[in-house]
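As listed in TrEMBL for this protein:
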DOMAIN    112-205  domain 'Phage head morphogenesis'
REGION    217-242  region 'Disordered'
Amino acid sequence: MINELYRDAAVDSASSGFSFDDEVMRQALKNIYSKSFHPMTDIEENLFNETWKAMNEATDKGFGIRQPVDPDYDFYQELKHNNAVFSAFKVHRAQNDMAAQLLDSEGKLKPFEQWSKEVQPIATHQMEHWLKTEYDTAVIRAHQAADWRQFEREKDILPNLKWLPSTSIHPGADHKIFWGTVLPVDHPFWKSHRPGDRWNCKCPLTSTDEPCTPMDGIPEGGDDDKPADGLKGNPGQTGELFDKSHPYVEHAYDGAEEAVNKFLETSIGTNVPAGLNVHEQRKWIENVHRTEEKLKLEQGKLMTFEEANGMKGNPHYKEDVGYRENCQSCVVANELRRRGYNVEAQIRIKSDSRNIPQQLSSKTEWAWIDPKTGERPKKLTAGGQYWDRNLHKEKAKSAAEMKKEFDELTKEAGRYHLSFNWKGRSIEGHIITAERFGNGGLRLYDPQIGKIVEWKDLKKNIRTEYGIRLYRVDNMLINEDIIGGIVREASE
């Protein structure tokens with residue numbers, strides 16, 4: 001069935017250098033053979049990770065890596081989540097096809113070497129040849145999804161779409177009837193036919209203000225022109241590079257849907273930041289689950305700046321001095337709220353050495369773990385002192401120099417924590433948040449008092465000889481060992 005579906009997709013491959021990790025396959029075969037999981041009710045993680053990695057790489061190549069400030073970031077995350085669904089169904093089929101060969105004609109378990117040799121054609125076919133075709137098509141479909149999102153945004157200026165001839169060296173005949181068709185973005189024709197609805201299709205679609213094709217000139221197409229199984233949906237609208245008409249899903253083996261749902265429920269999250277590899281993504285997801293257990297609440301939808309703030313993270317500010325000296329827990333509460341956790345900051349008790357917010361006052365980065373290193377995030381410094389060779393002494397950098405270094409250290413879009421010492425006070429300091437946008441814009445916010453901070457005001461109150469210490473937090477794991485002492489479920 002799938003061989004027939006993918007028959008014409010090998011022409012003009014887009015996947016230069018694509019390969020499946022042999023070591024991953026060997027480990028997966030060992031797991032299937034040792035029955036360390038049930039192939040009907042579970043998903044083999046090694047095969048899943050490698051498949052999902054390939055699908056996400058194809059998405060990044062075609063759609064582009066998107067940051068949280070990008071208007072298509074949520075859609076990008078949806079694509080990756082649906083890649084996980086597709087990957088899990090694919091793996092369920094492959095693992096069962098291989099597990100079906102475990103026993104000989106007498107019902108006895110075959111020796112591992114014999115069995116692994118016999119299933120190698122299945123592994124090669126499904127996890128290399130088929131996956132290569134899926135990767136190629138995913139790149140194309142992801143690019144088309146990005147184009148469609150842009151078409152929707154620009155339709156007031158360029159209201160129509162034009163179907164262009166295929167760029168393939170050997171174009172098929174199935175789409176030629178549609179070449180040159182011009183119709184509005186919202187025309188129902190595009191729900192039935194569009195570039196990318198055939199495997200490895202390379203017909204471009206472009207926005208235009210050219211006049212539309214007359215009604216009596218709109219091609220209907222025949223049975224051979226209908227979308228192929230797995231490609232019937234518009235990925236720019238559904239967030240699925242492969243829809244549920246794909247044989248992996250439509251003709252899945254018994255138990256597949258239950259196995260996939262169980263696996264995804266415990267293993268895959270939708271709020272994983274960009275830039276992490278598959279293993280780091282799994283770390284992130286596990287961290288989310290453990291944080292939910294520690295806080296006894298579930299992570300919800302990502303919050304906007306407005307939803308997260310307005311003193312919602314420190315509602316008891318006026319009730320006790322400990323809530324007016326807890327900036328170190330307020331910034332953590334603010335970041336968790338942005339991630340979808342409905343929490344508020346805990347009180348700081350200076351007289352209690354066991355109080356976590358009190359301990360954080362001297363090591364604010366303790367709340368976070370870098371998923372790449374397993375260590376606390378490294379603090380960087382903007383401004384501070386330097387050695388003046390002429391005066392032979394240390395000298396503080398100017399506010400302008402501090403700002404220049406700050407902008408360089410925070411040039412990546414994301415959220416940061418900034419700590420500094422107050423001018424005119426011996427050791428007292430403060431910590432606030434900064435959000436850098438994709439267009440270079442900057443928003444400084446003090447979650448302890450619920451106010452946006454202007455740089456011109458901030459620089460007047462900073463002891464420039466110490467500079468600003470900073471680190472990025474939106475891509476950091478939560479230190480679940482102490483998070484329960486920093487924040488709690490919001491009271492309102």
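Here the Cβ of each residue, glycine as well, is placed from N, Cα and C on the backbone.
Curation does not apply to TrEMBL; its annotations are automatic.
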In terms of Cβ proximity under 8 Å, which residues at least six beyond the ends of the region 'Disordered' (217-242) contact it?
5, 55, 58-59, 75, 78-79, 81-83, 86, 134, 137-138, 141-142, 144-149, 151-152, 174-175, 177-178, 181, 183, 189-194, 196-199, 248, 250
Give me the mean pLDDT over the domain 'Phage head morphogenesis' (112-205), rounded to a whole number.
91
Which residue counts does DSSP give the region 'Disordered' (217-242) for helix, strand and coil?
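Counting residues by DSSP class gives 8 helix, 0 strand, 18 coil.
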